[in-house]
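Noted in Swiss-Prot for the protein shown:
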type	residues	note
LIPID	Gly2	N-myristoyl glycine
DOMAIN	26-163	domain 'C2 1'
BINDING	Asp63, Asp69, Asp122, Asp124	Ca(2+) binding site
DOMAIN	176-303	domain 'C2 2'
DOMAIN	341-560	domain 'VWFA'
Amino acid sequence: MGNCCSDVASGAGATAGVGGSGSSAALGATNDALDYYLKSKGFNGLFSQIELSFSASNLRDRDVLSKSDPMVVVYQKEKDATLSEVFRSEVVLNSLAPKWIKKFIVAYHFETVQTLVFRVYDVDTKFQNSREEMLKLDEQQFLGEATCALSEIITKSTRTSTLELKRKDGFAPQAQPHHGKLIIHAEESLASKISTEIVFRCSNLESKDLFSKSDPFLVVSKIVEHGTPIPVSKTEVRKNDLNPIWKPVFLSVQQVGSKDSPVIIECSDFNSNGKHSLIGKVQKSLSDLEKLHLAGQGINFSLPTGAGQNKVLKSQLFVDKFTETVHHTFLEYLASGFELNFMVAIDFTASNGNPRLPDSLHYIDPSGRLNAYQRAIMDVGEVLQFYDSDKRFPAWGFGARPIDAPVSHCFNLNGSSSYSEVDGIQGIMTSYTSALFNVSLAGPTLFGPVINAAAMIASASLAQGSRKYYVLLIITDGVITDLQETKDALVSASDLPLSILIVGVGGADFKEMEILDADKGERLESSSGRLASRDIVQFVALRDVQYGEISVVQALLAELPSQFLTYMRIRNMKPIPP
């Protein structure tokens, strides 16, 4: 399954570069800069508020005259592997099977691996009247610990995980059979399911550009106590428009706190250098915006002045649409049995450099330091593997000449002629390293064949009624030479349960690649004039994020849940309760 073979004709016919139109490229760069600007200010992808409940069974009895008095403590593993305490339950007296009442509220972010460590302690009787947060843990008796990713809990059909408790030294439960079990149950908050659709319109905006009208966009930010407002949503940029109407903005109540929590709506004139000019801003709650819609009234923007006052402007903001609906969430689909299936395609063209030389993008460092391709595979794969039950991933290479064969633009990374799957992320890494020594780097850079191979798998799965959504990661160092063929493949694939993540490595000019990312411009159009039914591409240049606060995996995966939900809604597919 998933086998793809040499495409000699494509290779011979695509040796020259194919350029996009200047306007499309400019539009792509424009919104790419906007996305980077927002992410630098804290804008993240879809998230859900999760409530974790705890109980335990068969805990070890460490008290002589009574049963243990257990308390559970939760830690979050940070990037540097240190543990930060984030929660303590109450103490349950005299119980080896406690059911704690206190809940742990955590924000689930799909694009990161949120590793949690749970430790259970027997609280000494002499501390019975002390507040839990004042207890010194080194003065309590340790009963056992367990570790898991938050995604492992919420992807189970029952949203309940039973974890074996073990000693801190890592001894297996079989060696110490009396540590007991910790049961964790997850519930998604109702606020995660309430979606507000808002259509904003403005009138009489000030022109900030010298020779043209402003290019306005809106950013909606929530207000946090003692902190900088955090962006939670944005509109597209409207070119040369002083009376713009934007596409709908979707907000969940939890994103802003509550319906009565104030939000700041800023209207700015876009500049490609990232220095956007503020046109004006307003501060209102969702309830206020609903009232404006019902009354058909606008509200005037204001601008802060140097004297600490606000200057009221003639420019106004209107709410043309305001509707609230309870919708199915990403987590509801996962709990009902939907899976995300990971696939990867790796660029083996000669522009990567000789793999045996240290300056090659494909160089395998004997010290174990990962190259850019290995980092992208690990970073994305480590997140997505939790959503795939069998963890068998199709893996391809393109742009190379296998031994005694012509140049192939889609060959199985494992060397097989009949199947493309490998076992786990480590299987991809091993096959990638092996392939480097079994193929000759060639060219040109063609995406069409690997996209079509992924689309064939997604199409077959859809025909079988499988509850699977596929995610293809393409890692490349160069500009594609089959731009129109790639557009055709993407437009066709937009009807399938498939998203495509593209990572650009090295120093190439990736402007043409940004054209493929439809959220940075108009929808893709095929050579026959057909438009893509939805956006399925997310592109990130590794150099743009590797030194910032936003990781490549966050930048890539932030939009994936939204793409998944868009597909489900277009096809009217609903999660069937477990």
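Keep in mind that glycine also has a Cβ here, set from the backbone N, Cα and C atoms.
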Conformational class of Asp122 (Ca(2+) binding site) under the three-state DSSP mapping: strand
Other CB atoms within 10 A, centred on Asp69 (Ca(2+) binding site): 22
Listed binding-site residues (Asp122, Asp124), ranked by Cβ neighbours within 10 Å, top entry: Asp122
For Asp69 (Ca(2+) binding site): DSSP state (helix, strand, coil): coil
PLDDT averaged over every residue in the domain 'C2 2' (176-303): 88
